[in-house]
Amino acid sequence: MPVLQQQRHSETAHRQRVSSAKFQPLAMPALDYTGEVAEATAEAYEKVRHVIPAIEWPAYAPYIKAINDLKRQRNAVILAHNYMTPEIFHGVADIVGDSLQLAKEAATSQADVIVQCGVHFMAETSKILNPDKTILMPDMAAGCSLAQSITGADVRALRQKHPGVPIVTYVNTSADVKAECDICCTSSNAVEVVESLGAPRVLLVPDKYLAANVALRTTVEILTWEGACVVHQRFTGAEMREYRNSVPGVKIIAHPECPTDVTAEADYTGSTAGMINWLKENSPKKALLVTECSMADNVASQAPGVDFVRPCNLCPYMKMITLPKILESLVHMRAEVTVDPAIAARARTAVERMISLKS
Ligand code: 13P
Ligand code: SF4
């Protein structure tokens, strides 16, 4: 064998040995609360001390140290949605953000392994954008009521019923559904995506409330589907008015997955990242985040001085992701998210079309 070819052959063999060693199951690390663990997690504790009492930290800290050590061993990154619990958000996440930010990060990640701390459609989006990477989901049952509300066959039927009408699908959908649409959107760019198509009429599926909120901000006619988010559909306009009356000066910040009688009462409506930016820029004394509960817990350390008024609703799916499950995931390299390559290729076109828009 010529020298150069021999060299390449041995480099490839070396890479394969390293890579398969990287993916071997490892021993479960010790989970004692030692001085070393306390020191390694002290910075994270400062960011969560407003929600986790000091007496409870020894139950979290060993997991945080073990997960951070394992990430280095596996060349893994953790992408965490803004709805993750504070110990995940501040303790082990490398990248945090809303759905659009996480999709953009997934597209440029240099890691071999992505652990998706969020729900299944987010892990699928990461896999669609990174077919050669290992995408792990700490709990495969972490779904989403919106993603469950529509199938690829439903989108094909819609296309037949509305020939020539472009279809925008919210990122909160399965790969199958993304594969059938023209372009994806998230809550932070839905208006821009709809208007980018230059059509008088657009189907925006599956969230009927996101669609209704977009319809209020554009002249494009919006057709939709009967999907809703179990977290945001429960808020009501009457509830918002009661808060406004009982908490003088409160600023109401709502997610566009809320019904329009809720967003009509809001001082600001936007994605979870939009909410965080609005809080940082406006520093209100009192704020009501009309969204998932962990948002206020996570943002509190970034927006000191804001008094967060409840209510909030828990997302049962997001809350399936826990530190012990993330650790198991990195120790055993499971559960790996896969997407049929033919479906992934079509879905990628829709996701990349969205990512390539300016904002
Ligand atoms: P964003 O973080 O994109 O606003 O989405 C919220 C959500 O419900 C994700 O499931
Ligand atoms: Fe789905 Fe709503 Fe939970 Fe987000 S908050 S994952 S949209 S059910």
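Cβ atoms here come from the backbone N, Cα and C positions, even for glycine.
Per TrEMBL, the candidate among Ser99, Ser149, Ser283 that belongs to the iminosuccinate site alongside His81, Tyr170, Val171, Asn172, Ser187, His255, Pro256, Glu257, Thr272 is Ser99. For Tyr170 (iminosuccinate binding site), other Cβ atoms within 10 Å of its Cβ number 31. Candidates His81, Tyr170, His255, Glu257 (binding-site residues) were compared with Cys229 ([4Fe-4S] cluster binding site); those inside 10 Å Cα-Cα are Glu257. Other residues of the chain with a Cβ within 8 Å of the Cβ centroid of Cys144, Cys229, Cys315, the [4Fe-4S] cluster site, are Val119, Ser145, Leu146, Asn172, Val230, Val231, His232, Glu257, Glu292, Tyr317, Met318.
Distance from the CA of Cys315 ([4Fe-4S] cluster binding site) to the CA of His255 (iminosuccinate binding site) is 14 Å. Cys144 ([4Fe-4S] cluster binding site) sits 13 Å from His81 (iminosuccinate binding site), taking the CA atoms of both as reference points.
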